[in-house]
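Inspection log for the structure reproduced underneath, given as structure tokens.
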Amino acid sequence: MSASRTVICLLRNDLRLHDNELFHWAQRNSEHIVPLYCFDPRHYVGTYNFNLPKTGPFRLRFLLESVRDLRNTLLSKGSNLVVRKGKPEEVVADLIKQLGSVSSVAFHEEVASEELNVEKKVKEVCAQLKVQVHTCWGSTLYHREDLPFPHISRLPDVYTEFRKAVESKSRVRPVLPTPERLNPLPPGLEEGAIPTAEDLQQTEPVSDPRSAFPCAGGESSVLARLQHYFWDTDAVATYKETRNGLIGVDYSTKFSPWLALGCISPRYIYHQIKKYERERTANQSTYWVIFELLWRDYFKFVGVKYGNKMFQLKGLQGKSVPWKMDTKLFDAWKEGRTGVPFVDANMRELALTGFMSNRGRQNVASFLTKDLGLDWRLGAEWFEYLLIDHDVCSNYGNWLYSAGIGNDPRENRKFNMIKQALDYDNNGEYVRRWVPELGAIRGPDVHTPWNLSSASLSHAGVSLGETYPTPMVTAPEWSRHFGKKPSGAGPSPKGKKGPSHHPKQHRDRGIDFYFSKSKNL
């Protein structure tokens, strides 16, 4: 088609134009650029261990929106997004042969084995066809080459040590400017249709008005979200107080789904925080957004260090735990039928919206691994299927922590479901929202319906074992909190500030799950 130099930019989890090194490199080293996204059939099969669906309906919708948005952005810059259905290594080989002008294929490096396998195969194809490969690193806040450790094997096994080292010895690189124009596609190259969910043998999800994440995918949406959360509402200035909320869009940044697909650069968020701190206010909340981005970095680098150990039953410590395989228990957990309302509410929210709060994730993971004793990989693969914001390193890293087989030195951390429910949903508003069959039980009693008298249950229209399950398990430590009324106003499930500040004992617990030496969570 063309004798001029063409660079193929193979896009995967980097669906943005801003702060994207691929486009900068390609612009300098080509006359034509082919931004390419492949719908890889391997993403739409079963998960590795339990053959659960690998990509759920909400994440797929979000991905399709993100791909459409990137195509529109690239069109506005004189380019386009070429879309194909197929394995990237095969699509790249076909394009190289078809175009006859490809000098290089460029892509961002990933961490986990399936993604690395794609990179290996693309490199093999390019070597056979005598085309150069250029790779970049762009998924983390701190660049891999800027870490203050001589080798990734020296990455600390404790987050706090990692955080202190990078904060004191490394710097976050500046954001690359967004190109005004991009070199065009080679003449005559077809853009390709963006598939529908049906094309990928998936179902279109039904939107739920209760969703805490009613947002569209794509770079445009997340840049608008940041503008709203930082500059229009100043919500970021109270993030640390509200981040444990359960209801609504603004209790947390909600950046994670866009970060997972690379629609927003973590460096862009960081530099916007720094700008906000200079121009408006700097406090614990603004810092805490960076603190959470560092957790995301940490899990990525743990993935680099440990490789496939991240997915193995014995985890990073090689620790044998007698996990159970019980389909009945797992089905009840995933469908929100455990009889423990706080767990059920969170699991139903996940199934119906593809989203769950950070607080909810910690609790349902603890319940699956510590109360039910089920194989942690069941939970990890269920999350992989349903979460809009599934990020392989963060998901599996967090499940390893919950299961007590991550690289965390403390063991036997177990969440007390009743204490957590009373602390974070003190009036039961969240539970009633997602477990409507308990809707007539007022106040915090909704968290322990099995403790109510027959008359109270009858008055609320609840028949345990019929309209709502009896609990599958009741942990002995729960009884310490039966009948307790939350002290003071307590935190609102909406994560509001003002009268709904966290109770004093929670205010400065950091990320409680990871830092608390107390086993009374």
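Each residue, glycine too, has its Cβ placed from N, Cα and C.
Just so you know, TrEMBL annotations never went through curation; they're auto-generated.
Features as listed in TrEMBL:
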DOMAIN    5-141  domain 'Photolyase/cryptochrome alpha/beta'
BINDING   Tyr239, 252-256, 292-299, 389-391  FAD binding site
SITE      Trp323  site 'Electron transfer via tryptophanyl radical'
SITE      Trp376  site 'Electron transfer via tryptophanyl radical'
SITE      Trp399  site 'Electron transfer via tryptophanyl radical'
REGION    476-521  region 'Disordered'
COMPBIAS  494-507  compositional bias 'Basic residues'
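Projection of TrEMBL feature records onto the structure.
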| residue | record | CB count, 10 Å |
| --- | --- | --- |
| Tyr239 | FAD binding site | 23 |
| Lys254 | FAD binding site | 19 |
| Glu292 | FAD binding site | 20 |
| Trp295 | FAD binding site | 17 |
| Tyr298 | FAD binding site | 24 |
| Trp323 | site 'Electron transfer via tryptophanyl radical' | 17 |
| Trp376 | site 'Electron transfer via tryptophanyl radical' | 23 |
| His390 | FAD binding site | 22 |
| Trp399 | site 'Electron transfer via tryptophanyl radical' | 26 |
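For Tyr239 (FAD binding site), the spatially nearest entry among the recorded sites Trp323, Trp376, Trp399 is Trp399, judged by CA separation.
Taking the Cα atom of each, Glu292 (FAD binding site) and Trp399 (site 'Electron transfer via tryptophanyl radical') are about 17 angstrom apart. Nearest in space to Trp399 (site 'Electron transfer via tryptophanyl radical'), taking C-alpha to C-alpha distance over the recorded positions Trp295, Tyr298, Trp376, His390, is Trp376. Sorting the domain 'Photolyase/cryptochrome alpha/beta' (5-141) by DSSP state (H, G, I as helix; E, B as strand; all else coil) yields 60 helix, 32 strand, 45 coil. Here Trp323 (site 'Electron transfer via tryptophanyl radical') is compared against the binding-site residues Lys254, Trp295, Tyr298, His390, and the shortest C-alpha distance is to His390.
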